[in-house]
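J.: As listed in TrEMBL for this protein:
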- 1-22: signal peptide (SIGNAL)
- 33-47: compositional bias 'Low complexity' (COMPBIAS)
- 33-54: region 'Disordered' (REGION)
- 77-140: domain 'Methyltransferase' (DOMAIN)
Amino acid sequence: MKLQKTLLLLVTGLSVASLGLAGCATQERDFEATAQTPTATPATQAQERPGDVPYVPTPQPVVDAMLNLAKVRKEDVLYDLGSGDGRIPITAAQKFGTRGIGIDINPERIQEANANAQKAGVTNLVQFRQQDLFKTDFKEATVVTLYLLPEVNMRLRPTLLRDLKPGTRIVSHAFDMGDWKPQQVQNVDGKTIYLWVVPENPPANLK
Ligand SMILES: C[S@@+](CC[C@H](N)C(=O)[O-])C[C@H]1O[C@@H](n2cnc3c(N)ncnc32)[C@H](O)[C@@H]1O
């Protein structure tokens, strides 16, 4: 009887001890995982709603031509509305030292763009924000780039004309803005790009 009791105590003690060890190991793993989570890249959140445009990147020669058409310089502040993998603001930062802000509704695109900015060594100049472009304040822009869709350009047009400073350049890949006639149109490798300059007093029919 006494032997049985001793054995029972021994077995129970061992189980409690091993549970405790397993708990410690789990805690240690959790701690390691937390400690290794990178903090330099801003966190993204769940996508608030589906985007208005699918992701299709602008080919690099077209990106270069868009920046040249807008005569982008170091002093500019460039906003890419629907920035995808970030190539337009990143290229402007690399080539001209321009400060750029990319807006995208999709958290995967924001993560990709942040990783690309790191690789390109321009995180001091570019910032990517997970936002709906229809809710974004882009008044400070001196250059706006777009690769959206015709109806999205048209929905955006009144805000562009109301909020942007006169003289701000807008460049769009592939799609125009209806009866707002562009100042220049170029063909690059079979793709069309358009340039508008925000006027001092936009005609009433454009607003
Ligand atoms: C055609 S891609 C253009 C990407 C990049 N600008 C380029 O030219 O390579 C359009 C991007 O707009 C984003 N998008 C769609 N609807 C949006 C919205 N309402 N607000 C912000 N981004 C949006 C998509 O996630 C996608 O990355």
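The backbone N, Cα and C atoms fix where each Cβ goes, and this holds for glycine too.
Keep in mind that TrEMBL annotations are predicted by a computer and have not been checked by a curator.
A quick note: this is a predicted structure, and the numbers were derived from the prediction, not measured.
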J.: Using DSSP, how many residues in the domain 'Methyltransferase' (77-140) fall into helix, strand and coil?
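T.: Summed by class, the stretch gives 27 helix, 16 strand, 21 coil.
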J.: Would you report the average pLDDT that the model assigns to the domain 'Methyltransferase' (77-140)?
T.: 98
